[in-house]
Amino acid sequence: MAVQISETVRPFANFSPNPSLWGDQFINHKSKTQQISRIYLEEIEGLKNEVKCMLTSTPEGKMADTVNLIDTLERLGVSYHFEKEIEEKMKHLFNLIKADNYKDHEGCDLYTDALHFRLFRQHGYPISSGIFNKWMDGNGKFKESIKSDAKGLLSLYEACCLRTHGDTLLDEALVFATASLKSMAANLASPLRKQVEHALFQHLHFGIPRVEARHFITFYEEEEHKNEMLLRFAKLDFNALQALHKEELSEISKWWKDLDLISKLPYARDRVVESYFWAVGVYYQPKYSRARIMLTKTIAMTAILDDTYDSYGTLEELDVLTKAIERWDIKEINGLPEYIKGFYKQVLKLYQQLEEELAKEGRSYAVYYAIEACKELARSYAVEAKWFKKGYLPGFEEYLINSLVTSTAGYLNIISFFGVESVTKEDFEWFSKKPRIAVATQIITRVIDDIATYEVEKEKGQSATGIDCYMKEHGVSKEKAMQRFYEMSTNAWKDINEEGLSWPSSFSRDIFVQLRNFSRMVDVTYGKNEDGYSKPEKILKPLIIALFVDQIKL
């Protein structure tokens, strides 16, 4: 029997609708993939071969030229075509500098030192931050001579984000480079001024690769010594990949419209386009097309589940819903409140479809791990709902244990592994045990989200926010609590950076890149003290337009 409540009092009776910004814009997209293929495919392939020749034929003694080329390819967003060649080059170059004990760097300028440091660490090579010692004076301060080196300081600024827990010099370097760049930015000439201003707004290492590529193509076009062939290749490739993304977004948008869940659940956020943007942030390459579709559908459905627990369901209704999710059986639908029956049915249907899809390649076992994570998520959502309803303020540790689960990072990262064929059953087992890098992604998601949503949650009357729990337990101000949350995020990023240098490892490089990209999505979506997912107008809308609406002019 369905739950009957004579006089229902909703948690937020004055909830406001959360309509989509996009309407049917992407449903009505007419694919231009075939047209682009006919006109540009041959040229793209030809340019790709030219770039490959450039990459493989760089002289042995010109390390700086090789590293600059690799960095340019990565920042233009085309390096995915040359992963094998780039890794071979990076491995060879790192072995050279290690054998030479970094002596080759003694004559390098700051820009080159910092670029090499960043590139090697990005690729998992443990280059020492000691290469920056030569830029310090006898008092342990950075030399005055580099304070006017804008290009070098920008390179140092970006390199600092790859620091680990032992890199105290880079903690100081980040403060120094940030202050120096801020003081000189307005007086720089473009395109360097634009690059500095963008970097101060969004760190490269914490940015979304596809978004950063779109920005860099614009910057590179203004460079005096640009390579015209590389620029055209990047533009053509961006437009071709954009066409594929539009096709996927059209397919997903049609699926979402056919479900018609939002009309029945007006309290829920209609964010399927933003969910797809998130999936592209995790992996944008053509080979992950199916993975993006799987992840997008799950993110959009998870937002509805979150809103049901957070903004609409009563404790009695949520108790029934939690038990139904725990039992994971369509028969449970009969006991659910009427408004949520359709949603519950579609969740089970989605998982059945995912299982059938994965069964084709003998990987249906993956669904078990996602279902278990979904059950854990529902239980933790229920705990938060009880805290709010009863006005209970938990201790910070109690809050954090539960809220790391409700960050959804663990659950959604499991889903993100579905479409990656290299991920094995052993990888799912490893991840389910909450290894260090998994916890780091959860911490980043939790604390950055908590900072961004604090004021909105307080307006709703929410007392058990992470900030409030920390303030009460430690007797500090809101500002001090937020500062501590930023420190937790910084330390979690250092954990991720350290895990990226631990090769060979118990998990694959593909998994590492996905987890790092997931954390980057958090920084972009919530890192400017705004909830970009719930209120996408300011943060996500312009990025979505840049990636999925506007082509690059050739």
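Placed from the backbone N, Cα and C atoms, the Cβ positions cover glycine too.
From a predicted model like this one, the values you see are computed outputs, not experimental measurements.
These come from Swiss-Prot:
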| type | residues | note |
| --- | --- | --- |
| BINDING | ASP306, ASP310 | Mg(2+) 2 binding site |
| BINDING | ASP306, ASP310 | Mg(2+) 1 binding site |
| MOTIF | 306-310 | motif 'DDXXD motif' |
| BINDING | THR453, GLU457 | Mg(2+) 3 binding site |
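Feature map: Swiss-Prot annotations on the structure.
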residue : record                : Cβ neighbours (10 Å)
ASP306  : Mg(2+) 2 binding site : 17
ASP310  : Mg(2+) 2 binding site : 20
THR453  : Mg(2+) 3 binding site : 22
GLU457  : Mg(2+) 3 binding site : 20
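Taking the Cα atom of each, ASP306 (Mg(2+) 2 binding site) and GLU457 (Mg(2+) 3 binding site) are about 14 angstrom apart.
Here the motif 'DDXXD motif' (306-310) has long-range neighbours at 11, 18, 265, 267-269, 318, 321, 340, 343, 378, 381-382, 384-385, 406, 408, meaning same-chain residues at least 6 beyond its ends whose C-beta is under 8 angstroms from one of its own. Cα separation, ASP310 (Mg(2+) 2 binding site) to GLU457 (Mg(2+) 3 binding site), rounded: 10 Å. According to DSSP, the motif 'DDXXD motif' (306-310) comprises 5 helix, 0 strand, 0 coil. For the motif 'DDXXD motif' (306-310), the model gives a mean pLDDT of 96.
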